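Step one of this worksheet: look at the structure below.
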Amino acid sequence: MAMIVYLLIGILFAHKGITAKYTPDWDSIDSRPLPDWYDKAKFGIFLHWGVFSVPSFHNEWFWPQWKSRHPAPDIVNFMKHNYRPDFTYADFAADFTAEFFNPDEWADIFKASGAGYVVLTSKHGEGFPNWPSSHSFNWNAKAVGPNRDLVGDLANAIRNKTDLKFGTYYCISEWLHPLYMKDKANNFTTQSFVLSKALPELYELVNRYKPEILWADLADGQGPASYYKSKEFLAWLYNDSPVKDSVVTNDRWCHECFCKHGGYKTCRDKWNPGKLQKYKWEDCMSVDKHSWGYRRNAPLDSYLDINQIISTFASTISCGGNMLMNIGPTKEGTIIPVFEERLRQFGSWLKINGEGVYGSVPWSHQNDFITKNVWYTKQKTENDGTMVYALMLTWPDDSVLVLGAPIPSQSTQVTMLGYEGTVNWIAGPGGQGMNITLQNIPWNKLPSPWAWMFKLTNIAN
């Protein structure tokens, strides 16, 4: 019904001669500038939460990797030894209880992390909506399992307790939905799934929750834009939706969209090019190196440590990207201590170094050509002019930081963010580069145990 209504609205506009700002073609849609808030935020939190959080084994692709033609042996053995022979994936939903889910507590953790936005899985490839979808009868979080509106509850907490932007991840195809499988078998020449399920849910999601990030994905990476009506939906989103002026989207709206069309670019999971791009991009990465969803049996070395996270972040923002850090809540609705610790550690680091992060832009050099583990950002203000920030990931063995990229002037000053003492330096050979001496900085006076940011003012380049 929702799809019919919006098609009728489009026909009415055409009849009255009303010209939409964005038309349903890629040239028009791709011309829309991203709202400023997104680039300034730099860091967001990704939440993979769904029925896959119940087995919490292998990864979030548990269902298709169990029921494919070539099932994963560890999943087959897991099911054989722990569940009755006739157990189905749908049976897991009743145990997706979320009884300890406290959205206010989650909001407090996310606020402490220093993130600018949070993206919750509203529906993954398994097809289970985390809200009372009108288009998924008896297979949603209100009808079975949690018996509550998980999307709405978290959206309210985020908006009431923090300044973070709230977003939703929505997988516009589903691994094993009969209508999608039929459309796929028809080489996507039919649209039964899209017209009866995907598009109506997308319209409902946007109108009901007004997400400021709409993070699209494809369950199997297949299907053209013409099948999903991606261009038509995005034209509505940018012209007429309740979030038309503030919403940002990514590039996963169709098979041919990845790294080409839509909003900011994600290209593929954990994509971090390590060099400046011509477009805005996002590195969606996961603290658990082997899964996006929670795994009960994950060993400690499966989790990124805080130094690895900061290193990823440094190369991301220096090259003009944002970092979307994923964690997987449990089926009970808790955030396990290792995930909470990483978020709070990162937040404490950002509290010290946020000056060189939030609202920054890439400098002429992304990382240093002498000391490779130093990455740069730049800020420009009316009063102070241009300031360059050098993020040093590891402490030099001789406590001398050698930088090749900056050209100092007679008025150049160097400070370490969070440290009140003097930082001494001398110009490099021929006035090119800088040697920053760190021997006089006591270890117990360092602002952070991980990665240090230096502010370089009045440099010549």
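Every residue, even glycine, has its Cβ placed from backbone N, Cα and C.
TrEMBL entries are annotated by machine, without manual review.
Annotated signal peptide per TrEMBL: 1-20, in sequence order.
Taken from TrEMBL, the feature domain 'Glycoside hydrolase family 29 N-terminal' covers 19-355.
In sequence order, F46, T266, D269, K270, W271, L324, N326 constitute the residues six or more apart from C284 (site 'May be important for catalysis') in its chain with CB-CB distances below 8 Å. In the three-state DSSP assignment, the secondary structure recorded for C284 (site 'May be important for catalysis') is strand. The site 'May be important for catalysis' annotation in TrEMBL covers C284.
Over the domain 'Alpha-L-fucosidase C-terminal' (366-457), the average per-residue pLDDT in this prediction is 95. According to TrEMBL, the feature domain 'Alpha-L-fucosidase C-terminal' maps to 366-457.
Remark: secondary structure over the domain 'Alpha-L-fucosidase C-terminal' (366-457) totals 6 helix, 39 strand, 47 coil, with classes taken from DSSP.
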